[in-house]
Amino acid sequence: MVKTNINKGYVNQIIGPVLDIEFPSGTLPPIYSALKIETEDGIGTVVEVQQLLGDNKVRAVSMRSTDGLKRGVEARDLGGPISVPVGISTLGRIFNVIGEPVDEQGDVSYDETLPIHREAPAFTELETKPSIFETGIKVVDLLAPYRRGGKIGLFGGAGVGKTVLIMELINNIAKAHGGVSVFGGVGERTREGNDLYEEMKESGVINENNFKESKVALVYGQMNEPPGARMRVGLTALTMAEYFRDVNKQDVLLFIDNIFRFTQAGSEVSALLGRMPSAVGYQPTLATEMGALQERITSTTQGSITSIQAVYVPADDLTDPAPATTFAHLDATTVLSRNLAAKGIYPAVDPLDSTSTMLQPGIVSGEHYEIAETVKETLQRYKELQDIIAILGIDELSEEDRLTVARARKVERFLSQPFFVAEIFTGSPGKYVSLEETIKGFTMVLKGELDELPEQAFYLVGNIDEAIAKAETLK
C-alpha cells in the first residue's frame, strides 16, 4: 500500500458492505482511492471509493466484512488505488484482493507494488500481427488454436477436466515458453480453490521448498468474500500478470475462474450503490466494466498476456447479458464434452464445438487449415452415421462410410493425450506435442497410411511415432 498521511475522514454510515465516509472540506479522495479503516482486531479494513456524494462525503465499498465497524471511526486515505505486490516473490503464494498473503506461509518480501487500476496499453505498444500460442496439446493446437495475447473461453460442467487442463497449460507455458501464470479465483467455491492449490503442490506447479521456482501466483476472492472483493480480485490478478509481461518481458497465462462471477459481483455492488439496473437486473455499466478488464489483456511488443477464462452460463442461456458481453471479447472457445469424458478420452475437448478466430488461411499454414477442416468433416460424418450404426450395425454401411468411421475413431482416440500433471492418474508419462508433429500425425491417419493399425494404438499417445510403436506392442 502507498503509505502517506494525506487525508483523514470519519465513517458516517454503514449499510452492509457499503460505507459513507465524511472528509474535511477540500480533502475528498478521488474515485477508486483506497481508504484504510483501523479495526479492533488490528487487521484493518480497506475500502474503495466508488461515488462522490456531495456534502464532503464519499461512498465506498469494503474489501472485507464490515462486522464490528462503528460510526465515527477514522478512515485514512492511502493516497492512491489499492496497490498489490508484484514480481517473482508472488510465485507459489496465494493472495487476497488487497495483496495480502492468505496461505499461512509467512510474509512476502517484495520490492514493488502496483495499483490495480491502470490504463490499457496504448495502441502504439500493441503487437498487431496475430500469432499462434502453441500449447503442446494436440486437439487445441490443431482445431481451436489460441492466439498469443488472446482471450479464450473455457466451457465445461463439473468433473469434465477443467482443472487438469488448466494445470497442464500452466506446466507447458513454463517449460516450453519460459513463461509464468497467474490464477485469479473469482467468486468460486473455497473448496475448489483449496483443491486446486493442493493439486498444484502435488503436480510440482508450486514448489513448496523454493517458492521462486513455482510456475504460478494465485489470487483468490471466493464466494464467501463481500462483493467488493469479488469485483476487484480479477484486477489484482491482472496487475500481477502485467508486471511479468511489461517488466520481466515474459509470456504470461492469466486464468480467471470464473468471469461470470466478476459480472455478478459488479451487479451486486451496483445495486448496493443504488444505481438503476439494466437488462435482467445487471448493472448499467456492464459493458464498460468488462471492457476495462479485457482491454488490459493483450500482446505488446514486450510480451503477452494470454487469458483463459472459465465461463459459467446461467441457466444455459447464451443470450444472458453476462455471457453475451464476454463472448464479444473472446478469440477462441474450448468446450469440454461430458460424452468424451465418459468415453475416457482426455482432454475431453469437443472437436466440433470448440472454435477459434485463428483457424483461417493467412494466419495458420495452408496445410494446417486443410487438415483441421478434414478432421472436422470426418468427425461430423461419423456423428451423423452413429444413429444408423446404433440401429442397423456397422456392417450395413457402405464401404466408403465404414472407412470414414474407422478413421474417425482413430482420429477421436488420437486427439487424446497423456498430460504431465495427470501422470499419477494415467500411469503414462506426459507428452508435449509440437504443432508440426500434430499436423503430420493427423495427415497420415486421414490419408489412410495407418489404416491397418488397431484403433487402441492411438489412445493416450503423444505423436504418431508413439502410436506406431504402441501398435507393435499390441500385436
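Each Cβ is built from the backbone N, Cα and C atoms, and glycine gets one as well.
As recorded in Swiss-Prot, the features of this protein are as follows:
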BINDING   GLY156, GLY157, ALA158, GLY159, VAL160, GLY161, LYS162, THR163  ATP binding site
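In sequence order, LEU336, ALA341, ALA348 are the same-chain residues whose CB sits within 8 A of the CB centroid of GLY156, GLY157, ALA158, GLY159, VAL160, GLY161, LYS162, THR163, the residues recorded for ATP being left out. Taking each of the binding-site residues GLY157, GLY161 in turn and counting other Cβ atoms within 10 Å of its Cβ gives the largest count for GLY161. Neighbours of THR163 (ATP binding site), defined as other CB atoms within 10 A of its CB across all chains, total 18.
Of all the binding-site residues listed here (GLY156, GLY159), it is GLY159 whose C-beta has the fewest other C-beta atoms within 10 angstroms. Minimal Cβ crowding within 10 Å, among the binding-site residues ALA158, VAL160, LYS162, is found at ALA158.
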